[in-house]
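In TrEMBL this protein carries:
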{"type": "DOMAIN", "residues": "1-77", "note": "domain '2Fe-2S ferredoxin-type'"}
{"type": "DOMAIN", "residues": "77-116", "note": "domain '4Fe-4S His(Cys)3-ligated-type'"}
{"type": "DOMAIN", "residues": "136-166", "note": "domain '4Fe-4S ferredoxin-type'"}
{"type": "DOMAIN", "residues": "180-208", "note": "domain '4Fe-4S ferredoxin-type'"}
Amino acid sequence: MGYMMIDGRKVEFTDERNVLSVIRKAGISLPTLCYHSEVSTFGACRLCTVEDDRGRTFASCSEEPRDGMVIYTNTGKIKKYRKLIVELLLAAHCRDCTTCVKSGECVLQELAHRMGVTNVRFENTREIRPLDTSSPSIVRDPNKCILCGDCVRACEEIQGIGALGFAFRGTEAMVMPAFDKPLAETDCVNCGQCRVYCPTGAISIKTHMDEVWDALADKDTRVVAQIAPAVRVAVGDSFGLTKGRSVMGKIVNVLHRMGFDEVYDTAFSADLTVMEESEEFLERLEQNENLPLLTSCCPAWVKFVHDQYPEFVENISSCRSPQGMFSAVIKEYYRSPKNSGGKKTIVVSVMPCTAKKMEAIRPNSFTRGKQDTDIVITTTELIRMIRNSGIEFETLDPEACDMPFGFSSGGGMIFGVTGGVTEAVLRRMTEGHSKVELDAISECGVRGSEGIKEVTLPYNDTQLNICIVSGLANARTVMERVRNGEASYHLIEVMACRRGCIMGGGQPPRAGDRTKAAREKGLYNADNVTIIKKSDENPLIAPLYDGLLKGKVHQLLHNQES
Ligand code: HC0
Ligand code: SF4
């Protein structure tokens, strides 16, 4: 512990890793473009520069706090310096702000406004580069890149992929995939974490909102939506509502008003996933085959295994993700002329995830060669569509999902948080459903935001070893240990994004620790208020197996051999 003087006030510090953190703790929001507490310090943007009592200026992100330091955060010299940095960044930046996807959420735009930059005196001499639209999930616009390196570090350090890097030097420097390949031809897994970290419009979501509007305008089309678990806890704060609180009922209402014919909760098909995945798990345990079972609901993780650990492809669960299962069930239901009423059916899934756009077009997830999920939009796109519609979201009353698929258990709901899939599967594998039994599961180590969690549980005569992972760099650590025989598990649950889908690449970005915790709490609260917690006790599940799914379980709920 020590003390420093910040702008004439005494501030205590303990384990803060740099002066910037101490300044922020003191309630001063210093601007930064390249600093994120979860990745390594780069010190490139210099916006967090401060001055000490001897007139020395330094980047506060790169300096350790020392007892007795005296620093000033807003001297005339620093203000001028910061303004010049922003002006120079703008000089080398495409400035089509009014039509930029990031407009209104761009950190550079916000800083220009904050620093009072109203004029850029320098000419942009950078050559205009083409956009990379090769990925099904994200778009890279090199003309809007400010070389902060945030995407590079997110991809390398958090996801352990390294699909992006710096090329060339000095004024020629650029961020791009190796050998300037299109992103779609790299090991990119479409997770969208680079887009979450990008402060400008240089990396953005590939949007599909127009396709949804077109479908809604077509009177001969039935448009059916499914909403993923994590979406409901990441929408409200954009409309001034409490951070992290589930607004599922309002989302159902707004989608009905926009013209969706039916709105469903992906948590329903997460119940189906629990049924199928636990059965597959028990079979593999019995036959001691293809263990550890690797969960298959996160498409970025599935691609990661195919690209990086091909020898484990057989271990991936054959289950489709809840997104895939739901779309297949909806399409099958409306294949019957009795239900279709002569209309074509389009399934729109609303996901916190950019990789789900890639999963939807992955041929092994199709039914009889046809794509089931027609359009995937992310939470960010949903928010934009609500704004576009002009509907006052915050004032809407909650509405329930439609029938015949409109009920889900709490087990399906918690899929959106790391550990949720495992917890739901364990609930299914437990005979009872009393509070004591369910509490024992939630307290066995499955919950919590750590990137790697290990749980050991007795099941019949076996001690089940389970590993729960979020963040692909962590997944690499675990898979290396498994490959080298240093660790052995029966089940490995992986969500590519740290903390799970609540922090997916399609969620509104710039979520701080409070937002992350609120989203997590929001989903557990949504589970708390459900009467039925176990997927197998969802009253719509058994009739579905006896009816529509009869003889078609494999065809509709499992991925085809690829
Ligand atoms: Fe997820 Fe899912 S939980 S991956 O995180 O399994 O995207 O929310 O929709 O499909 O249910 C994302 C979230 C889903 C799926 C579910 C799973
Ligand atoms: Fe890396 Fe994910 Fe971005 Fe692809 S989408 S470049 S894997 S961070």
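Cβ atoms are placed via backbone N, Cα and C, with glycine included.
Note that the structure is predicted; figures quoted are calculated from it, not measured.
Across the domain '2Fe-2S ferredoxin-type' (1-77), DSSP helix (H, G, I), strand (E, B) and coil residues number 12 helix, 20 strand, 45 coil.
According to DSSP, the domain '4Fe-4S ferredoxin-type' (136-166) comprises 12 helix, 5 strand, 14 coil. Look at the domain '4Fe-4S ferredoxin-type' (180-208): DSSP puts its residues at 9 helix, 3 strand, 17 coil.
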